[in-house]
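Database features, via Swiss-Prot:
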type: COMPBIAS; residues: 865-884; note: compositional bias 'Acidic residues'
type: COMPBIAS; residues: 886-910; note: compositional bias 'Polar residues'
type: REGION; residues: 865-910; note: region 'Disordered'
type: REPEAT; residues: 13-52; note: repeat 'WD 1'
type: REPEAT; residues: 55-94; note: repeat 'WD 2'
type: REPEAT; residues: 97-136; note: repeat 'WD 3'
type: REPEAT; residues: 140-180; note: repeat 'WD 4'
type: REPEAT; residues: 183-224; note: repeat 'WD 5'
type: REPEAT; residues: 227-266; note: repeat 'WD 6'
type: REPEAT; residues: 269-309; note: repeat 'WD 7'
type: REPEAT; residues: 351-393; note: repeat 'WD 8'
type: REPEAT; residues: 461-501; note: repeat 'WD 9'
Amino acid sequence: MPLRLDIKRKLAQRSERAKSVDLHPTEPWILSSLYSGSVCIWNYQTQTMVKSFEVTELPVRSSKFITRKQWVVAGADDMFIRVYNYNTMDKVKVFEAHTDYIRCVAVHPTQPFVLSSSDDMLIKLWDWDKGWMCTQIFEGHSHYVMQVTFNPKDTNTFASASLDRTVKVWSLGSPDPNFTLDGHSKGVNCVDYFTGGDRPYLITGSDDQTAKVWDYQTKSCVQTLEGHAHNVSAVCFHPELPIILTGSEDGTVRLWHSTTYRLENTLNYGLERVWALGYMKGSRRVVIGYDEGTIMIKIGREVPVASMDSSGKIIWSKHNEIQTVNIKTIGADNEIADGERLPLVVKELGTCDLYPQSLRHNPNGRFVVVCGDGEYIIYTALAWRNRSFGSALEFVWSLDGEYAVRESTSRIKIYSKNFQERKSIRPPFSAERIFGGVLLAMCTNDFICFHDWAEGRMIRRIDVNVKNLYWADSGDLVTIASDTSFYILKYNRDVVSSHLDGGGSVGEEGVEDAFELLHEINERIRTGLWVGDCFIYNNSSSRLNYCVGGEVTTLFHLDRQMYLLGYLANQSRVYLIDKQFNVVGYTLLLTMIEYKTLVMRGDFDRANALLPSIPKEQHDSVARFLESRGMLEEALEIATDSNYRFDLAVQLGRLEVAKAIAIEAQSESKWRQLGELAMSTGKLDMAEECLLHAMDLSGLLLLYSSLGDAEGLTKLTSMAKEQGKNNVAFLCFFMLGKLEECLQLLIESNRIPEAALMSRSYLPSKVPEIVTLWKKDLQKVNPKAAESLADPNEYPNLFEDWQIALNVEANVAPKRGIYAPAKEYIIHAERPNETLVEAFKNMRIHQEEVLPDENGDDTHEAIEENGVEESQEDAVEVDVEADGSTDGTVLVNGNDTEEQWGTNNEESLA
């Protein structure tokens, strides 16, 4: 049967003729050397060019990554080799290497060596640790040397292909070839080594339109691959798959089975002649260089072919070799950290007659099925003996050990535990995939149909594009994974049984209530498995998550692509494998899963009984789960982390609990948060205590001013000055009526202009003193501006109502420290919004507008005649004492509503 490998195009980039291509081992980069003289680096994930080096005006026929140095080395037709740093784009080295066109450069995998071959018929070895000195020259070819490549299994040797129709194998340190392979009828263009360990092969491609596979130990031709219609310009053994790739000037790339040498596939992307093939060990990506651009394809899936049984025994395949490891061999004394690679001893179990594309234990772990090449073979897990085989595109197990195979899109066969065919099903649709488990599932690209194993009857059809299917061991839950999300459904087997046993009809949609949708999660699953009622999976973002009751929890962030193997309950660990067959484990407590499951079911008594068996270090995780379910009280009781408990207590309004945590933690942020909460809930004593602990002076200012607490403001003044919080100290002085202290604070803060303006408004008697200071300070910077400042003692005419302001200040000053009770706020709020100076002037105007007396004289004239007109000072005194309120509650500026003149004339101060 042929290999069935999906081939997907991952990059198609048009450019000048690509003479060589290379893949970066860690970055998603393709290196392409162009006939136009430039070297480009393409990002195949973003489909964009990320770097470009203008090497020369002549063709660049070969370039390679030197990743351990972050370099690109390129050989061109101008006979120079150039080295660039691909991060900084700097040119590291340029030197003339040959006397004719450079055809190929090859980088040694471990040593600081680069080989170059040329049309001058020479091969040269360069050592970059010695300043790119030529340390050896290899002579022997009689025509152009088209390609050189190191032997990956013996890096001290390399092979060269030449147009003299030969391939020569050389050793470093020896100027003469070890041997020569001669078999092509025309020039040899390319050569590559087989990377696997079982065959000492190399392959060559020639202008005679053939590729030949050679055994370099017996020096004989093993196979000739014929089929191309033009020169074979590029060949390679794929490092991960049992295939050979050959590229030709006929525009095609042919894929051959590396064991049977059967032609498996032919690719033609319409970009004219093929010039180069690039690949990388550990990857299934292949890059093809054409006349008109570059193509990258991905052959097959990179999921490792591996399976683990319930006891921890893992079996995997590397090509046709079957190997096994056992997690139990790691003793309990070896403490392996989560995510650390397990030191497993690999044992050879045997070989497989077909190339495995899937491998799976049956439910009890006794048998293992290998499926690939359109066939399946069932082996015993311990001795690796063949028990059964047959044709199958896919193979799936049932939960009780039966199995089904998909022979084609129109035929599915069910077999018993004794490997006997029991039933054949011909679905009325094209079955593209099948899945096993409690029910046998067949799906197309649009829907999935579930059938029972016993009779093959359809149970239910669900319209969804299914990528994978995972059944819980209980058989009651199933996960359907699609491209963008996954669905968790409950299987109502009792409903199905009663419907079928009662003779109910099954329509095109099946039994209506067979499945019940429980949850839909918008995440793309890479691999998954069930542990009880908990679904464990890793997603496309490389996170290891588990889902209980629709609630997703991230266990760990993975540093690379991993694939789930299974869960060992006795170790409480879930195991994963990467594509290099490294196995890692992560702790996932079964008791934690059971607890969450019980909570989701509402069985709180059993959940609480299980709680003591969960380690203390996991209690915060439990608490967060309870919080997500809205069970904050229970979460607070279980949580151990003080920060988390504090947050929960604040959410619940449990201020005493939060206060106890804050006392223990002595965190300013916690005290501040608690103080704000206490203030908002009316617990002002606690708010004051918390704000004092937090040294939140702004909060204390708000609290004391709201309470009218003069004593508190006095204490706050001292605290603010000690901490340099001058704004807070100023406001405290102002509200306490200590205007002189306000001025002094402004002066000490070097805010002399502000002090002058304040004194003009509130303490006019201090203006001359402040102006003198202001002049002295300003003299240092701008003498002319300093001279322009006017002193009211010298120029009273420049200061409106100056004498009245002085009189008002003198009368109000004794009453500044007396505070009106808050109950009188309404009286003061109803007063006109005017200053005392304005009030005095308005009073005079009012007196002048009084109606005339009986004699026809107005009051003002009568007063003048009687000589009893009050002085301005007396008038101010009368205004202050006669307005119906008490003790200086009228401010100097008369703004009774805002109380701006007395530094603590807040009506609310008690």
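Using N, Cα and C of the backbone, Cβ positions are placed for all residues, glycine too.
Quick caveat, the model's predicted, so the values are computed rather than measured.
Remote same-chain residues near the repeat 'WD 5' (183-224) are listed as 143-144, 146-153, 159-167, 169, 230-237, 239, 244, 246-248, 258, 261, 281, 319, 321 (criterion: CB distance under 8 Å, separation of at least six residues from the stretch ends). Panel annotation: around the repeat 'WD 2' (55-94), residues 17, 19-20, 22-26, 29, 31-39, 41, 100-107, 114, 116, 118, 126, 128, 132 of the same chain, lying at least six beyond its termini, place a Cβ under 8 Å from a Cβ of the stretch. A contact between the repeat 'WD 7' (269-309) and the repeat 'WD 1' (13-52) is present, since 3 or more of their C-beta pairs, 6 or more residues apart, lie under 8 Å.
Non-local neighbours of the repeat 'WD 4' (140-180) in the same chain are 101, 103-104, 106, 108-111, 113, 115-119, 121-123, 125, 186-193, 195, 197, 200, 202, 204-207, 214, 216, 219, 281; each lies 6+ residues outside the stretch with a CB under 8 Å from one of its CB atoms. Within the chain carrying the repeat 'WD 3' (97-136), a Cβ under 8 angstroms from the stretch's Cβ atoms is held by residues 20, 59, 61-66, 69, 73-77, 79-81, 83, 142-150, 152, 155, 158, 160, 162, 170, 172-173, 175, all 6 or more beyond its ends. Residue counts for the repeat 'WD 7' (269-309) under DSSP, helix first, then strand, then coil, are 0 helix, 22 strand, 19 coil.
Beyond the ends of the repeat 'WD 9' (461-501), by six or more residues, the same chain brings 399, 433, 435-439, 441, 443, 445-450, 508-511, 513-525, 528-530, 532-533, 535, 537, 547, 550 to within a C-beta distance below 8 angstroms of the stretch. Across the repeat 'WD 4' (140-180), the DSSP tally of helix, strand and coil residues reads 0 helix, 24 strand, 17 coil.
Averaged across the repeat 'WD 9' (461-501), pLDDT in this predicted model comes to 92.
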